[in-house]
Structure formats: structure tokens, C-alpha cells
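Written below as C-alpha cells is the structure these notes are about.
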Amino acid sequence: MTAPIPVSAIPSSPGRASWRKEAAAVLVAFAVLALLPFVVTDSYSRHVLIMAFIYAVVASNWDLSLGYGGVFNFGHLALFGIGVYAYGLLTKFAGIDPWFAMALSGVIATIAAIVVTIPILRLKGIYIILVTFGFAQLVMQVILSQSDYTGGTQGMVRIQTLYIGEHNMIRDGKFAYFYIALAMLFLSTVFLRALVRSRIGAGIIALRDNEEYAVSRGVSIVRQRIVTLAASAFFTGVAGAFYAGYQRNASIDVFGMSLATIILSMVLLGGTSTIYGAILASFVLTIFAEAMADLGAWRPIITALLIIGVMLVYPTGLAGFIQSSWNGVFRRDNKVA
Amino acid sequence: MDATAQILFGGLFQGSLYAMMAVGLALIWTTIGVFNFTHGVMMMLGAYIAWTLSEIGLPFALVLPLVIVVMAAVGWALQASVVRPLIGRPNIVLVVVITTLAAASLIENATLEIWGPRSKQLPPLIAGNTTILGVGVSLHQIAIIVIAPVVLAALWFFLNRTRLGLALRAVAQNEDASLLVGLNVKALYGLAFAISAALAALAGIFMGGYRFMSPVMGADPLLKALIVVVFGGLSSVSGPIFAAYLIGFFEAICSYYFGLYWTPALLFAVLIVTLMIRPEGIFGSKSRGLA
């Protein structure tokens, strides 16, 4: 048994903002976002922002397992898909209250993440990619084959929406949905940042950086991997449920390669192991994709070129780009490796 | 007798296609240590180029070698643009996954833009049908069953009996030492990609001869090739070949007895169980070598 270490005894790592500064910055950023619906009044632009928030939740949670944990979980989108279908099935066939179903979807995604962690405990690198990829396909096949409930390739339609009292969610220009999505992103971000800054987070990072040493110092690889995957799954599942309630339909497309590629590029474009980078990249890519909406087949082509370009020039992603230009402008020494 | 023959033909045919695809993936993994997600679109692109060449009236005997040369060049170019600049980075496996995924999306959408969405079909290698053991099969399928092992044997001969092939295996086994003895490692990386793309293109031509072509036709074979290499182990080229036929038969048996719908789910369940018991694959050894 180790006695809890007083906070003052933990050396502050150089280049890392104190939690007060960080909390203040997050609050300011979300306050600005919360004011957006008063500037952006048409429902289509609000829809784009809501989608950006959903993607930001999924991408930033993926950053926890991929960036911090170093676990190449390619089944992350399956967790999102599980959230989508769990919400749809729970509200439609079990008659569960939409809000409760949303929380339950997060729990179900978490359980699924724990199940998929078991086979990958002994695996490394590319094998983890393949098993988790296989897991995603397995989930998709099961959903496809149970077409009596899930609608198979047709998907589910007319899923119950979320509600707030008697408020009409559909005719308010997506005003209420905007705030629900923003609240979800806020909770998820606070949760993720608190986790990675905690001692558990330090253990996760230690395992990624030097597995043998971390294990020899008493970090349990089994427990830490399960914690990483499970923690990254909850809000991903909730985001899936929100997506289902918001779009009012569920389709098998959420398991497709194209969505996985887009979200993965958000994580990598933003720069891994930052959480904020993934969120920022989600905003940039979603809005960018909407701006090119009438380009047809050229849109994915340009997106792909952009991804390749950034990966070749800025291996640390947008976060690294911002860091280096910040240092360039303010002539700070780059102490942080 | 009918069922046995059907399973036998189905297994041999699917196994041949999977082997052609999986070997290319394994070749790149063993030599460079990265996973190439453009493998599926390479297959598709090969089929589309073959379609265009045969549309302008070239005889098929000329189309085949031409496509192989063109696709080898495409593979080389791909390697030079999205893989080679990243070599030496600490997170290369992950970054190459994303750059090859992006390149795959690029090629897929460019194909859609150039050739349009209408599905196309290639002429079969040999026209006509026949009946063997009471099962009707097309001569095209029989040709594939015969040609694939020949191609794979040629690849085995190349890797084991020629200087260039041995050099490729040397790079796979020890990159630094290969550099020290004067092998051009960069060129060998390009070669691995070129061979891999050519093999994929050949598989694409085979497939385009009996199924409609579309820009997404490579997605499913890529997935199957992934399963095959995991199943057979990533450490060799012969492992995936055996695994490909094994999975071909497994699929044929499953779809005969359990139906087509459950086959992929069963396949993935088998895959996950295999990895839990033997993470290095059933034919794999723990080291990363070739052949």
C-alpha cells in the first residue's frame, strides 16, 4: 500500500500548463462556442457545428487510446456504431427513456470495449490493428444479420429523438441540439483531460513510452489497457446515441472505412496525445468538408491530398504546427520535446 | 458428391484469389514493416486499366503484361510518395496506415471521376463453361485455379533462388546489415511495392473476368487478405499462401452449410480466437523474416 503523494510532491513537468490556466482556457473556449448560436442563426450552419462536436467527441476519445495509450484501436468507430444502434434498439424495442438510453449506450460501448481488450492484451502493434478491425467487422456482420431488429442494410428509421420538457426539438432551428452536443463535448473534454493529467494518465503514458520499465515499476498492463479502452469508449458510445437521436436514423455506414478514415485523420491531423488537437482538427475538417460540398468526387480527393500533405510535412499534426509557429512568432525556446 | 465437388471448387477458386492478394500484403509487411491499405485499390486499378486497354482493341495477351508493368510502376510511385518519406519516424506504422488509407480514398475517387460509376466487366481469360464431377464451372475459374499456383511458385522461386529475391529477403531480415553490404535498400523497398501492386493487379484482372467491376471492388478482397495474413502469420510469404487456401475452403464450407450471411462473422470469430491462442499466426514464427 502506498500512501497518497501530496500534490506538491509531484514535479510539475516543464512546458505543461498548470491546471488552473488550462481550466480557464477551456472555459473561455467553450463560452465562446456557447455564444455561437446567437451569431450563427440558420439551422444548416448549426447542423454543421453539431456534426463537428460529435466528431470532436469521437476523435478526442480515440486520441486517448491511440495517442496516449499507444493502442492502435481500429474498432473505435465500432464503439460509436454500437452507441448508435444501442440507442436505436433501446428506445424502439425496450421503450426506454431517450436520456436514460443515451447513458446506457455509453455503458454498453464501454462493456464492448472491455470485451475487445481481452484478446489484444497479449498483442502489439499491427496485430492490435487487425484484431480491432476484425472486431468492427464482426459487430457490423451481427447487426446486418439481425435485420428483423436492426433493419439490416436498410438501417433503422424514425428513431426517437431526445426531449426537453415540452420544447419542440425539431422546429427551433437546432438550438437545443446545439447545446446538448456542446455539453457532451464539454463533459467529454473535461473527463479526458482530467484523466490524462491524473496518475492513471501518467501510468498510461508510461506504458506507451517504455512498457518494460513501466511494468517493472508496478504499472499493470492488463488493468491499464482495460482502463484506457473503457474510458475512451463511454463518451464515444454516448456520442453515437446522440447521433442516432439527432439524425433519427441509424445506418450501417458508421462502420464503413470512409468514416473511420475521416475520424482517424482528425486524430492524426490534430496531433496525437493532446486531446485538444483532435477537437480542433474535427472543427477544421468538418467545416472544410462542408465548404467543398458542391465539389462532388473532388471533395474526398482534396481531403486525401490534404491529409497526406500534412502527414508528410508536419508529422506532429496541427498541434505541432501551431506550437512551432507560436514559438517562431514569440521566439520561445523549444524546450518541450 | 455434388456438395463435396462444389466446396472443392469454391475453396480452390477463392483460395487462389486470396493467395494472390495476401502474398502482396505479406511481401510489403516483411520487407518494410508497414501495412499497405492501398492494396485493394491497386487490385481495382489494375482491373480498370485492363478494361480500358481491351476497350481500345488490344488483344488480351498484350493487355496482361502491359497492365502488370504499368501497375508495378504505380506501386513504385506510391511507395516513393507516401511511404519512403516516412521511414525512420518513430510512429511509422500508424502514419503509413493513415497515408495509405488516404491514398486509397484518393485513387478510389479518382477512378470514379475518370471511369464513371457504371459497372464494367472484363472478358474472361477463357470463354465457356464445363461440367466437372457434376458441377458446372466456367473455364475462367479453372484457368485461375491453374494460373495462381504457377504465379505463386514463380514468386517463391524469385525470392529463394535469384540474387534480387535474396536481396529482398536480406532487407527483410536485417536492414542495417543489408545497407552495410551495399544493397540499395530504398530501391528494394520500391521493388517490394512494385511486385505487390503487380500481383494485386493480376488478382483484379482475374476478378474482373467473372464479377462486375466498381471503384470499391477492392475493399472486400483487401479485408480477406488481411484475415489471411493474420491467420497465416506475417512473418513469411509461404504462410499466407497456405492460409489463403485454408480460408478459401473454410468459406466454401461455411457458406454451404451456414449460408453466405454468417460466413464473414464466423471467419472473424475464428480470426480473433486464432490471435488469442497464437498471436504470430498458425504458420508463423516469432521472427520477422521472409519465405
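Along the chain as shown, the residues are counted starting at 1.
Positions of Cβ are set from backbone N, Cα and C atoms, glycine also.
All TrEMBL annotations are machine predictions without curation.
Pulled from TrEMBL:
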type     : residues  : note
TRANSMEM : A:23-40   : transmembrane segment
TRANSMEM : A:71-90   : transmembrane segment
TRANSMEM : A:96-118  : transmembrane segment
TRANSMEM : A:125-144 : transmembrane segment
TRANSMEM : A:176-196 : transmembrane segment
TRANSMEM : A:226-246 : transmembrane segment
TRANSMEM : A:258-289 : transmembrane segment
TRANSMEM : A:301-322 : transmembrane segment
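The transmembrane segment (A:71-90) makes contact with the transmembrane segment (A:226-246): 3 or more of their CB pairs lie within 8 A, with pairs spaced 6 or more apart in sequence.
If you look at the transmembrane segment (A:96-118) against the transmembrane segment (A:176-196), you find fewer than three C-beta pairs under 8 angstroms, all six or more positions apart, and that falls short of contact. The highest tally of CB pairs under 8 A with the transmembrane segment (A:226-246), across A:23-40, A:125-144, A:176-196, is held by A:176-196.
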